[in-house]
Amino acid sequence: MARQRTYDIRAVLLSGIAFVAICIAGGYVTKLSNDNFVQSQRIYLGSTARSQASDLERSLSLAFTSTQILAHQIEVDQGNTELFENYAENIMDSIGGIENIQLAPDGIIQFIYPLKGNENAIGLDVLNHPRYREAAQLAIREKTMIAVGPVKLVQGGIAVIGRTPIFIGGTDNAKFWGFASALILLDNLLADTGIRELEEEGYSVTLERNHTDTSEKSVFYESSTPINPKTAVQSDITLPTGTWTLIISLDVSDRIESRSHTLMLITVVIGVLTSLFLFLISIRPKQLEQEVQKKTKELQKLAYNDPLTGLPNRRYLNDLLPQYLSELQANNQSGAFIYFDLDNFKSINDSIGHDVGDRVLQEVARRLTNSIDENDLIIRLGGDEFAIILGDGSIDSIEDTAKEILSNIQKILRIEHREFKLSTSLGVSLFPQHSQNVLELMRFSDVALYEAKHRGKNQFILFTDAMQKKLMEHHQEELALAKAIKNHQLVLYFQPQFDLEVSKVIGAEALVRWIHPQKGLVFPDQFIPLAEQSGQILELGNYVIRKSFEYLRSRFDLGLPPILLHINLSSLQLSDLNLVPFVKEMIDLYKVPGHYIGFEITETTLLTDLEHAKKTLNGLKALGICIAIDDFGTGFSSLGQLKNLPVDLIKIDRSFVMDLENDPDDKMIVEAIIAMAHKLDTQVIAEGIESHGQLQMLRDFKCDLGQGYLISRPIPEAEFNRFDEDITPLLK
Ligand SMILES: [Mg+2]
C-alpha cells in the first residue's frame, strides 16, 4: 500500500508539473499573440493615420490655395474689389471645405463672402488684433501665406484661417494692400476626410498643433473617447507655418481580453487533457505490476503451501529455507532442524482409508503448531514426514520442544468414533554447528532419526559427530561401490546346479563377489544393502546380468557344454520398466538365446506388486527366460498364488533342507512342496544340500534339481569352466 501511495503521488506530481508547464507556455503564447495583435493593429492604424493626415493636409492646402487665387485676382485688378463676390463664389464652388472668403484692405476686414452670419467679423482689424497681429505681420514681412489657428471664432466654432498678403505695384517695391483670407471650419474639414467615420467605428482621434517657437503642443481637437496609448500612432500634417499632429488609436482591450480568455481556455483544456493522459500512463504500468505481484503472491502461496495442512511444503524448504537460514546466521542466531515421520501412520492409511489418514495429518499439524514458538517453522515434507525449524538452538530449549512434540503426538486422537495412538521419533541436527546447508541438515537429522528408531520409539536423538563419521564412512563405501562397478571389481562366482536323477551339472547360480583392493573378497550381504540404500542396486543388477551374458558367450566360444545360468533379481529390478528391453538387448548383443538364462525372484519381491510382477515375468518368459521362485517356503505365498504366474522352477529354501534329516515337519513340508509343484508342472530345486542323507531324501521325494556344498561351493569362473559335468564321483 505504501508503494502504491508513493507511486500515486509521483503520478499526481508529474501531471501537476505538466499542467503548470502547459499553463505557463499557454500564457506566454497568449501574450505573444496579443502583442502581435496589437502590433498588427498599430501597423493598420499607422497607415490609416498617414492616409487621414494626407487627406487633411490636401484639404487645408487646397483651402489655403483659395486665398492665393483671390490675392492674385486683386493684384491683377490693382486693388479693385468690385468683382470680389464673383471671385469668391467661383472659388468656393470649385474648392470645397471653405466657410467664407474675406478681403481685408489695410488689414481691416471689409468684405466677406457669404456675409450672412459673419457680419460680426466686418471691421476686425487683423493687424492690430492681439490674436492675429503677430501672424499678420509675419505674413507681410515674409510676403507669404500663413495659417492661423485653429482659433475660436467670434461667430462661434473652431476654424483655421489661411491668410495671403496682397501687394500692389510691381514685384520689388510693391506696396502692401491688404489680406485675402479663407476661413476653414474644423468641423467641415473633418467631415471632408474619413475621420468622422473612424470615430464612429470606435477609433479615437486627437489633433495637436505644434508651436514652432516654443515646441509646445496644444490639443485643439479630441474624440469623446480618449486616446489609448497602447495602440496610439501619429502622423504629421505640414502647414504653411508649423505642423499639426494627427493621433489615432483604437481601444483593443476588449478584444485582447476576449482573445486571452479563449487562448487560456484552450490552454487549460490542453493542460487538463495532457495531465490526465500522463496520470493514466503513469499509473498503468504500476497497476499491471500490482496485478502481477498479486497473482505471483497467490501462486507462491499455492506453490509453497501444503493444501491439506496449510503448512509450508517441501518446495518451501528447497526454495526459501536456505534464505531463512542465512538470515538467522546473519543475526548470529543458531537453531535446530528436527526431522521425523509418524511410526504407524501407514497402517492407518492402508487399513482405514485416506480420508481418515488426511484428518489424522491435519490434527497432527495442529498439535505441532501448538508445540512450537512463533519463531519456529513447521514444514510438511510429504506423506507423514515433517520438519521443524527451531529458531532457538540452545539444548534446553530443543529438549523442551522435542518432549512437547513427542507428548502431543502420543495423545489419544479421536476421529469418527475411532481412537488412534500415534508415536514418533525425532532426529535433530543443529545449525550452524552441523551444517548451514538445508539438504545436509536434513540428511544429518535423518541419520539421527534412524538412530532414534533403532534405539526404540518415542525419543529424540541429537545428531553427533560419531554419527557423522559413520555417515561419512557410509558415504565413502557408496563411492567405493560405485567405483567397484565402474572398474569391474565385481566378479561372478558360480555355484553348480545339478540333476538329481542323472547326477549331471545342468546349470549354475551366478553370485556376485567384490574383489576389494584392500579387503579382498567381500560377500554380497556386505554391499547389496548399501547398493539398495544408495540407489545403486539397479546399476549393480544390470551389471550382473551383463556379466552373466558375457560369461555364457565365452562358454559358447570355448566350446563348453551349455548350461542354464540363474541370476538373482532384486525387487527394484523387477519393478524397473527397462528390465525386459534390457534383457532383450543383452540377448541380441551376446547372441545368447533366452532359455540359457534363468531369473531367481524371492516370494516377497513378487508379492510387493503382483500385477506388475506378472507383466514383467510374462515379458521375460516371452524371451525364453526361465523363472524361478527363490527361498520358497519362507514367505507367505502358496503354490496356488503362483499358479497364475509363468513360473518354471521352485527353489526350496535352505532352512528346510538343513534340518531335513532331523525335523519331521520340514520333511513333510518339503515332500508336499515337491508333490504339489509337480502337479503344477513346475520343477523343484533344493538349495543348501550339504550331506548325502539330504541328497538321498530329496531323490526319494523326486526333487528334480539340487545345489549345495556337497557338490561345490560358489567358485570362480575359471574353476567352474573346469568343473566336470558328471558329478557321480563326488557323490561316492
Ligand atoms: Mg538365489
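Glycine too: its Cβ is placed from the backbone N, Cα and C atoms.
Please treat TrEMBL annotations as automatic predictions, because they have not gone through curation.
Taken straight from TrEMBL:
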- 105-247: domain 'CHASE' (DOMAIN)
- 333-465: domain 'GGDEF' (DOMAIN)
- 474-728: domain 'EAL' (DOMAIN)
- 12-30: transmembrane segment (TRANSMEM)
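The list of residues near the transmembrane segment (12-30) in space but at least 6 beyond its ends in sequence, with Cβ under 8 angstroms from a Cβ of it, reads 259-260, 263-264, 266-268, 270-272, 274-276, 278-279, 282. For the domain 'GGDEF' (333-465), the DSSP-based tally of helix, strand and coil residues reads 60 helix, 36 strand, 37 coil. DSSP assignment over the domain 'CHASE' (105-247) gives 26 helix, 60 strand, 57 coil.
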